[in-house]
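Chemist: The NAD(+) binding site annotation in TrEMBL covers B:78-83, B:112-116, B:136-137, B:LYS148, B:LYS157. The feature Zn(2+) binding site is assigned by TrEMBL to B:GLU190, B:HIS253, B:HIS270. What TrEMBL records for B:74-185 is domain '3-dehydroquinate synthase N-terminal'. Residues or ranges marked as domain '3-dehydroquinate synthase C-terminal' in TrEMBL: B:187-329.
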There are 2 protein chains.
Amino acid sequence: MAGGTRELTVDLGERSYPIYIGSGLIARTGEIFSERGFPVKSPILLVTDSSVVDLYAAKVEEALATAGYAVTTVVVPSGETSKSLEMLDELVGAALEAGLDRKSTIIALGGGVVGDLAGFVAASYMRGVRFVQIPTTILAHDSSVGGKVAVNHRLAKNIIGAFHQPEFVLYDLDTLASLPLREVRAGLSEVIKHGLIWNEEFVAWCDANAEGLLALEPEALGYALYEGCKVKSIVVSRDERENDLRAILNLGHTIGHALEAVAGYGELLHGEAIAIGMVGSARLAARFGYSAHIAAETERIFRKFGLPVRIPASCETDAIMSAMLHDKKFSEGQMVFVVPTAIGSVEIRNDVPSSWVREIVDGLREGN
Amino acid sequence: MAGGTRELTVDLGERSYPIYIGSGLIARTGEIFSERGFPVKSPILLVTDSSVVDLYAAKVEEALATAGYAVTTVVVPSGETSKSLEMLDELVGAALEAGLDRKSTIIALGGGVVGDLAGFVAASYMRGVRFVQIPTTILAHDSSVGGKVAVNHRLAKNIIGAFHQPEFVLYDLDTLASLPLREVRAGLSEVIKHGLIWNEEFVAWCDANAEGLLALEPEALGYALYEGCKVKSIVVSRDERENDLRAILNLGHTIGHALEAVAGYGELLHGEAIAIGMVGSARLAARFGYSAHIAAETERIFRKFGLPVRIPASCETDAIMSAMLHDKKFSEGQMVFVVPTAIGSVEIRNDVPSSWVREIVDGLREGN
């Protein structure tokens, strides 16, 4: 890869793959396909959404066409509702009409929704074809690494899915320039989360570089995404199918998912909801006897990034508790939480009394 | 396992699993769940179809309940149309309502349709839960081994699926007693196919025991299913994801699938269509210089089992050729066939001229 491009390998044995992070990478998509031996005879399906298509799809198509690949682009509506079986049905139809065979590739160009949807199409079309991720949001640095793909059911999010690793992830920093500030902040919430679970030094670096990150300075952003992806890839390498360790990636997600559900999807961005959730987990840590400093620091850093650290008044405690108890993370009815033991390390507790959780949720209401 | 029960292991490393074949096995379902350490706290979903539910579902439920398991039964309409994304949606809803968690099990009780559908639900629900097969047809001895699961799309059969191996296969010979003779014959077609691709001695045994097999004599049937499953499991062990060797299992399927499609699904049973296809493949073998005896023997044996060996007059050659060229087996547009080189062994040819195929299809019409 060219100067300025960072490269990282997700180590999964025969399913290992690289993540490329840098500027101007989309223009090199076709070149990378050739270098990596993707067969020219097998058509490619490019899946993107209505908010991304006009910005970058033509560039990807052109890069692939120049290298001799036939590509068909399909645009799905922007937003979570596209993660449906109906859309799977439509995309499989498009793949068949475009003549995709077992050696074909499906590319996701967009954020987490497009990645999850196109990834599940790639996992299930002909029982699995090649998959490539070209994320266009900061948040997708998380979802594009690790192979978790899924669509939603009316009764539950991400309930129909697979583990299907991409062939590579192409992270073109230029695509992030168009992100609204609120999405930048929310995306950085997951980046910081990767520091909080694994790497104290990286948390300190984020803290010191908040201004540059929020201004999307390419050097700072490239480094932060590299470090964030690195934590994710180390964890995924050690536990591909989420048997144990991978659960630590859910720091802040138990409360966060409940807040998203109760607030109504879209009211709180995912990164905002988990920022509040991470403050909650840090307060749980204090109940388990870990330093109160963890919660104070967690809150201070998220405030610095302009992220919410309090539960909106519209979300009732009862509704939040009820949403949590229905969350699939409570295997066999037990309450399980990822709890920080210091800045940069966590443990999984399966002995969390729901009364503690309720107190902490109450204490996190706006005004407290 | 008790006396009279045959046991076979499909060797797939950490995904290895046993196949139990014998009489009275359904009554022991709960016992086997306990012995194999399936958690009692995690609810089970039993998927069956309208033609099987009244015969055996209560027995499975009772056996599981006696061992302490909570089981919810869902009945889908009998027939290929149940292999749909709509039915996947419904079954995932049923699984959620029944409280299935990541340690839960989905059981397929029925023939190939139920196995394919329930298997894909098990593969994708929460990105994969345990799966158990209780086949109730002879044909399902084929589909229940090897982990290929899928649903259909309006444009193509089995196009949305996964490789998802069961935890075990429970083959209760008592369930086969209710099969209509035509289905017995068609099921035995796949059994004989396993001999034709791998085991000459077993073909001779089938030939000598045709009467007992057609009369469903338990000892003969148990042995035949054991040998058929054994060939399938050896092939699957060596090529789980159908990269190369596994393709030999498709003997007779290229012409067979085309005949099913052109005749209209349900007109020709799968086993009937592939019997005709296997005669066609044996005739191709002669064109490649192998002994004409192969085709004569193949035809003689299938006739002995009362299976069709000629293409129905209603199926036009052009339509058959066109269906074959759209078959997913023709990667990158080449014509690929599994061709016998002797009784009990085959090779994969990717150099089959379509003119030869057309001549053979013409020569297989009724009256020739």
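Quick reminder: no glycine exception, Cβ is built from N, Cα and C everywhere.
How buried are the listed features, and what sits near them?
Modeler: DSSP assigns B:GLY112 (NAD(+) binding site) to a helix. Taking the Cβ of B:GLY112 (NAD(+) binding site) as centre and 10 Å as the limit, one finds 22 other Cβ atoms among all the protein chains shown.
Neighbour density for B:HIS253 (Zn(2+) binding site): within 10 A of its CB lie 22 other CB atoms from the protein chains shown.
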Chemist: Once the DSSP letters are reduced so that anything not helix or strand counts as coil, what is B:SER78 (NAD(+) binding site)?
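Modeler: The three-state answer is coil.
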Chemist: Using a Cβ cut-off under 8 Å and a sequence separation of 6 or more, which residues in the same chain sit near B:THR137 (NAD(+) binding site)?
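Modeler: Within the chain, B:THR137 (NAD(+) binding site) has Cβ neighbours under 8 Å at B:GLY110, B:GLY111, B:GLY112, B:LEU176, B:LEU179, B:GLU183, B:GLY187.
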Chemist: Taking the Cα atoms as reference points, how far is B:ASP116 (NAD(+) binding site) from B:HIS270 (Zn(2+) binding site) in Å?
Modeler: 15
Chemist: Spatially, and counting Cα to Cα, which of the binding-site residues is closest to B:HIS253 (Zn(2+) binding site)? Options: B:SER82, B:VAL114, B:LYS157.
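Modeler: Given the candidates B:SER82, B:VAL114, B:LYS157, the nearest one is B:LYS157.
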Chemist: Could you tell me the C-alpha distance between B:HIS270 (Zn(2+) binding site) and B:GLU80 (NAD(+) binding site) in angstrom, no decimals?
Modeler: 11
Chemist: Determine, to the nearest whole angstrom, how far the Cα atom of B:LYS157 (NAD(+) binding site) is from the Cα atom of B:GLU190 (Zn(2+) binding site).
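Modeler: Checking the Cα atoms of B:LYS157 (NAD(+) binding site) and B:GLU190 (Zn(2+) binding site) gives a distance of 19 Å.
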Chemist: For the recorded Zn(2+) site formed by B:GLU190, B:HIS253, B:HIS270, name the remaining residues of the chain with Cβ within 8 Å of the site's Cβ center, in chain order.
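Modeler: The surrounding set, listed in chain order, is B:LEU139, B:ASP142, B:SER189, B:LYS193, B:GLY252, B:GLY256, B:GLY271, B:ALA273, B:ILE274.
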Chemist: If you run the three-state DSSP split on B:LYS157 (NAD(+) binding site), which class comes out?
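Modeler: Note: B:LYS157 (NAD(+) binding site) is in a strand by DSSP.
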Chemist: So for B:LYS157 (NAD(+) binding site), how many other CB atoms are inside 10 Å of its CB?
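Modeler: Excluding its own Cβ, the number within 10 Å is 18.
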